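Trainee: Structure below; questions to follow.
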Amino acid sequence: MSRLPVISSKRVLAPSSSENLLDMAPLQKRMRREQEPHKPQAATTIVGYKRPAAAAAARAPPYRPIRGAGAATVAAGPSRGFVRPVAASTAPKAGSSKQPAGAKPGVTGATRRKPWDLKGKVNDMEGKIRNYQTKYRSVNEENEALKDSVAQNQTKVSELEQEVKGQKRKISEYEAQLQMLSGVQNQLEETRREKNVLQKELSNLEQKYKVMETLRDSQETELQTLKMKLSVQESTMTRLQATLRDREEEISSLKETVAEQRDELHAGEMERRRLHNTIQELKGNIRVFCRVRPLEDGGLSKHIQLAASDNKSILLAKTEESHTGKTAEMQKNYHFSFDRVFGPLASQQEIFDEISLLVQSALDGYNVCCFAYGQTGSGKTYTMEGEEVDDMRGVIPRAVQQIFRAGEKLSSQGWEFSFTVSVVEIYNETLRDLLYSGKASKRPDHEIRKTASNDVTVTNLTYQKVSTEDEVLGLIALAKQNRSTAQTALNDRSSRSHSVFQLQIEGVNAGRDIKCKSTLCLVDLAGSERMVKSQSQGERFKEMTFINSSLSNLGIVITSLANKESHIPYRNSKLTYLLQNCLGGNSKTLMFVNISPELNSFGETLNSLRFASKVNDCVIGTASSNKK
């Protein structure tokens with residue numbers, strides 16, 4: 001607690017009516033006493049809020065009756081403040097200076113007044129009154145000081161209460177912060193763990209950094225070396241840039257030369273086509289090749305003779321009994337001449353080399369038809385299809401390979417080709433789709449139709465777009481599985497139908513604004529033999545009848561074309577009706593006549609050669625290319 005000063009202002013105590021005797025003192029003496037200077041009282045230290053004993057004394061009546069009379073000095077009671085003692089200057093007058101008897105000398109006011117000394121008693125009472133007034137004033141002053149101290153303390157208490165409230169708020173805030181700090185402490189622990197991990201990583205990185213510094217030093221060394229090389233390369237590049245400009249000028253001139261050469265190449269390609277087809281026309285638009293199948297034991301037939309120096313003639317020789325009886329036996333020879341005759345030792349590649357130029361004509365825009373004719377077992381299917389071994393592949397797979405490879409070469413000259421494959425079987429004058437993959441019970445019917453552009457199409461037939469050679473070979477294998485075959489007396493697996501493979505070719509040269517369209521038709525005909533030879537009965541007899549009828553009509557159509565008749569009987573047979581665009585004057589036709597070397601097949605071989613010779617004697621008009 002702080003020390004508070006005691007207010008020392010003077011207060012005048014008003015006399016009460018009960019104190020008449022005290023007020024009887026002369027007015028001058030009372031005024032003289034009041035005008036005496038009042039010394040300031042010492043500061044009183046107030047401890048606590050308990051009223052001091054001086055305050056209780058202040059409540060006492062202002063005076064008490066005093067026993068006896070006499071001038072005496074009344075000592076003030078104890079108080080908190082320092083009260084100046086009031087001297088009782090009540091010395092007796094000169095006239096009454098005698099001391100009472102029995103009084104000790106030198107002791108003032110210790111003796112009682114005489115009963116008659118009323119003035120002395122009054123003076124004593126006035127002294128007491130003044131003393132009590134002084135006490136009263138000091139107590140009032142002390143009371144005022146205590147009131148002020150209480151007010152100040154109450155103010156301080158309110159301030160302290162406000163401070164306590166503020167401290168409580170701070171404590172709540174500190175508690176919230178403490179909770180936050182507890183979370184922060186957990187984070188700190190986690191951060192410490194992360195710090196340890198990071199320190200380990202840092203140590204690893206420092207090691208790596210040292211390694212990288214070593215690498216950097218080596219790289220800087222290499223960089224210096226490379227800078228030296230770069231300077232050398234820059235000088236070389238400058239020299240090469242000058243050379244490059246010279247080469248660019250040469251390239252520009254070469255491009256012009258290439259453009260001119262392309263024009264010349266195109267002109268040369270067109271000239272090649274013209275000369276190529278001129279050669280084919282000189283050879284004849286209908287050509288006939290003869291191929292002799294080898295014997296099963298690998299030997300040579302005695303009744304078939306081939307000249308070593310002539311590859312276009314064949315001789316059949318047969319010994320017969322004389323009808324005149326002059327000689328027992330006589331030999332009869334049959335001479336035939338064709339465009340080419342192949343012996344038993346001729347390979348598949350040799351056969352195809354002879355017709356490859358004809359296949360090339362199909363890519364030039366000409367309709368080309370190639371078919372194999374002969375009796376059952378003479379090797380027609382082997383010639384046209386062959387086997388899967390490369391050396392044994394027949395005409396059809398080799399022709400497909402040539403077409404696609406030639407098309408790729410012509411693409412560099414601006415040509416783009418599209419190809420469509422279809423395979424049709426003519427069985428008993430009924431068309432069957434060999435590329436059909438659905439259920440046999442749901443096979444659709446097919447009819448041959450001619451479009452407005454005079455193209456021959458078959459309704460409900462599968463026309464498969466192809467872009468690679470392998471796709472075509474896959475379709476050929478599928479058609480081979482679906483073809484109708486049966487066992488006869490001449491062959492265990494004889495083809496009882498005509499198989500027609502068609503490859504439609506469409507070429508476009510956008511840069512030259514040229515289009516061409518053609519069809520390559522490769523036909524494997526059914527076996528041709530007489531009924532007595534094949535010993536066919538029932539269903540086989542019916543099949544043989546349709547086969548021989550269609551082959552006869554084929555011969556009739558070719559003869560009509562050669563004789564330039566006004567009406568060509570294409571509709572007499574489904575085979576000729578389907579092949580009419582490949583047999584007419586706007587096409588190139590090749591027939592393979594296949595013969596068997598066995599002696600017991602002499603009659604069928606003779607008939608096949610006679611039919612082929614008749615076809616070979618036909619001359620059809622010049623073919624033209626389908627170009628736009």
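Residue 1 is the first one shown; counting continues down the chain.
Positions of Cβ are set from backbone N, Cα and C atoms, glycine also.
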Trainee: Identify the region 'Disordered' range according to TrEMBL, selecting from 15-48, 253-286.
Mentor: 15-48
Trainee: Using TrEMBL as the reference, determine which range in 87-114, 115-142, 479-506 is annotated region 'Disordered'.
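Mentor: Of 87-114, 115-142, 479-506, TrEMBL gives region 'Disordered' for 87-114.
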Trainee: Across all the protein chains here, work out how many other Cβ atoms are within 10 Å of the Cβ of Lys380 (ATP binding site).
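Mentor: A count of 28.
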Trainee: Counting Cβ atoms within 10 Å of each candidate's own Cβ, which of the binding-site residues Gly374, Gly377, Gly379 comes out highest?
Mentor: Gly374
Trainee: Taking the Cβ of Ser378 (ATP binding site) as centre, how many other Cβ atoms lie within 10 Å?
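Mentor: That number is 30.
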